[in-house]
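Chemist: Take this structure, written in structure tokens, and hold onto it; I'll ask about it next.
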Amino acid sequence: MSDWSLSQLFASLHEDIQLRLGTARKAFQHPGAKGDASEGVWIEMLDTYLPKRYQAANAFVVDSLGNFSDQIDVVVFDRQYSPFIFKFNEQIIVPAESVYAVFEAKQSASADLVAYAQRKVASVRRLHRTSLPIPHAGGTYPAKPLIPILGGLLTFESDWSPALGMSFDKALNGDLSDGRLDMGCVASHGHFYFNNIDSKFNFEHGNKPATAFLFRLIAQLQFSGTVPMIDIDAYGKWLAN
């Protein structure tokens, strides 16, 4: 009989994330450096544990009309079926059709940060996305419906007390349209998600928050399926400009 413990493995994953986020908070005094370090912890976690069809990175998102999103701390995008990802001077630019999820990653949750994250998420969801019919041996399948882009917030701490209480809920309910934050994690306290059945936010306290958030994200990505077939010609027209 093996000496492995699944419970201990899950706990170790969360403890590693929490420790590294805490170290970033203590070790860096400059807000920009502190933010970059925290962002890097979340990106590394997602790149390590999400299936390899997904990639996570700090990126801009662009559509075929030439519109760009704000810079997004963590973009989860398709790497298996995406025909192109731009990289220029260390900046990554992802076509809107390839995006599964976007997250704002900062040190501590607050009303201002929630509103800021909502604006960032909305800047991605408002982009134009194409979807072409899919060819097969007998003809074509209809164009795949566009998948919902998940939005969220990732932090180490919360400015509120209690950390996941009514104030947090009020801030999240400030935008339930293009800027809605579907899920997120406050690594020191718990995670949250929007319950589509009850149309309200649920808060889960403790219980290895980083690991619980990761599992919920993976489950949501499974329901998303694959990204639509991108219209390359719609992007190619910019070659003539």
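Each residue, glycine too, has its Cβ placed from N, Cα and C.
Quick caveat, the model's predicted, so the values are computed rather than measured.
Swiss-Prot feature annotations, pasted as is:
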{"type": "SITE", "residues": "Arg53", "note": "site 'Binds cAAA'"}
{"type": "ACT_SITE", "residues": "Asp73", "note": "active site"}
{"type": "BINDING", "residues": "Asp73, Glu104", "note": "Mg(2+) binding site"}
{"type": "SITE", "residues": "Tyr81", "note": "site 'Binds cAAA'"}
{"type": "ACT_SITE", "residues": "Glu104", "note": "active site"}
{"type": "ACT_SITE", "residues": "Lys106", "note": "active site"}
{"type": "SITE", "residues": "His136", "note": "site 'Gate loop latch'"}
{"type": "SITE", "residues": "Tyr141", "note": "site 'Gate loop latch'"}
{"type": "SITE", "residues": "Thr226", "note": "site 'Binds cAAA'"}
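Show me how these features fit into the shown structure, please.
Modeler: Sequence-distant contacts (6 or more apart, same chain, Cβ under 8 Å) of Arg53 (site 'Binds cAAA') comprise Asp78, Arg79, Gln80.
Taking Cβ-Cβ distances under 8 Å and a sequence separation of 6 or more, the neighbours of Asp73 (active site) in its chain are Glu39, Trp42, Asn58, Phe103, Glu104, Ala105, Lys106, Lys120, Leu154.
Cβ contacts within 10 Å of Glu104 (Mg(2+) binding site), excluding its own Cβ and spanning all protein chains shown: 25.
Within the same chain, the residues at least 6 positions away from Tyr81 (site 'Binds cAAA') whose Cβ sits under 8 Å from its Cβ are Ser98, Thr226, Val227, Met229, listed in sequence order.
Packing around Lys106 (active site) is summarised by its Cβ count: 20 other Cβ atoms lie within 10 angstroms of its Cβ, all protein chains included. For the recorded site, Lys106 (active site), the DSSP three-state label reads coil.
There are 8 other CB atoms within 10 A of the CB of His136 (site 'Gate loop latch'), with all protein chains counted. DSSP assigns His136 (site 'Gate loop latch') to a strand in the three-state reduction.
Within 10 Å of the C-beta of Tyr141 (site 'Gate loop latch') we count 11 further C-beta atoms, all protein chains included.
Thr226 (site 'Binds cAAA') falls within neither a helix nor a strand when secondary structure is assigned with DSSP, and so counts as coil.
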